[in-house]
Amino acid sequence: MKRSAFFISDGTGITAETLGQSLLAQFENITFSKFTRPYIDSVEKARAMVQQINKAAETDGFRPIIFDTIVNQDIREILATSNGFMIDIFSTFLAPLEQELTEHSSYTVGKSHSIGHNSNYMERIEAVNFALDNDDGARTHYYDKADLILVGVSRCGKTPTCLYMAMQFGIRAANYPLTEDDMERLQLPAALRAHQHKLFGLTIDPDRLTAIRNERKPNSRYSSYAQCEFEVREVENLFRRENIPHINSTHFSVEEISAKILVEKGVERRFK
């Protein structure tokens with residue numbers, strides 16, 4: 001079964017998309033076509049949005065699922081005329097919370113991601129810059145400032161995990177790709193030895209690694225199953241020999257991988 005899902009907001013759409021994606025992930029047997037539509041902040045945009053939703057409904061033969069964080073009542077009423085199933089994220093959770101706290105919420109556009117009111121903004125930017133500057137072993141002389149250093153074979157998910165932890169939690173995470181030479185020596189590169197307490201390993205199933213590498217360099221030694229199987233086997237041997245905690249990333253989302261790493265290493269999030 002195929003269904004369409006829209007994440008609609010008069011702000012950035014981050015809240016609608018994040019929560020909506022998490023909810024849809026619980027329905028593994030349904031394929032969703034997902035559309036994020038931020039800054040739907042005028043009557044004209046809302047009417048155009050209704051046309052998109054209705055077209056998706058006609059194409060799919062099912063009502064699209066709509067996750068929205070729209071504040072403006074006029075815009076919400078226009079969206080409600082569409083042939084979609086609407087889930088108002090804020091009102092769903094705020095109404096019972098207001099009752100419990102006996103306080104009205106400041107239901108304002110972009111409140112949860114407002115730069116002006118978010119003391120974590122600079123921490124987030126600095127963490128992302130750190131992850132980018134220290135990606136793929138490009139620099140190693142700033143590892144003393146890292147909260148974590150992810151290690152593993154090429155294309156096992158190190159970079160997206162580092163960026164996710166930076167964006168979501170302000171974690172300064174570097175990553176270092178272990179090469180064939182490192183594996184044959186069965187010892188950590190010199191750049192990592194002084195920071196072994198910060199290391200966390202990522203591994204991956206060889207067949208999945210083969211598929212990923214074939215998208216980048218098809219029909220090469222780098223992407224061959226034999227090479228991928230060798231690298232995975234040897235890097236896991238290295239992790240065990242050096243007592244480096246590690247996780248197989250094959251069947252986990254980047255959110256799950258990040259959470260497991262932070263728990264295992266006991267690293268505190270800079271913001272929550």
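Here the Cβ of each residue, glycine as well, is placed from N, Cα and C on the backbone.
Here the structure is a predicted model, which means the values were calculated and not measured.
These come from Swiss-Prot:
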BINDING   GLY152, VAL153, SER154, ARG155, CYS156, GLY157, LYS158, THR159  ADP binding site
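Annotated features taken from Swiss-Prot, shown on the structure.
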residue	record	Cβ contacts under 8 Å, 6 or more apart
GLY152	ADP binding site	LYS158, ASN175, PRO177, LEU178, GLY201, LEU202, THR203, ILE204, VAL235, HIS246
VAL153	ADP binding site	PRO177, LEU178, THR203, ILE204, LEU209, CYS228, GLU231, VAL232, VAL235
SER154	ADP binding site	PRO177, ARG213, TYR222, GLU231
ARG155	ADP binding site	LEU209, ILE212, ARG213, ARG216
CYS156	ADP binding site	LEU202, THR203, ILE204, LEU209, SER249
GLY157	ADP binding site	LEU202, ILE204, SER249, VAL254, ILE257
THR159	ADP binding site	ALA131, ASP135, ASP136, ASN175
Which of the three DSSP states, helix, strand or coil, fits GLY152 (ADP binding site)?
strand
All chains considered, the count of other Cβ atoms within 10 Å of the Cβ of LYS158 (ADP binding site) is 27
Does DSSP put LYS158 (ADP binding site) in a helix, in a strand, or in coil?
helix
Compute the centroid of the Cβ atoms of GLY152, VAL153, SER154, ARG155, CYS156, GLY157, LYS158, THR159, then list the same-chain residues not in that set whose Cβ lies within 8 Å of it, in sequence order, for the ADP site.
ASN175, PRO177, LEU202, ILE204, SER249
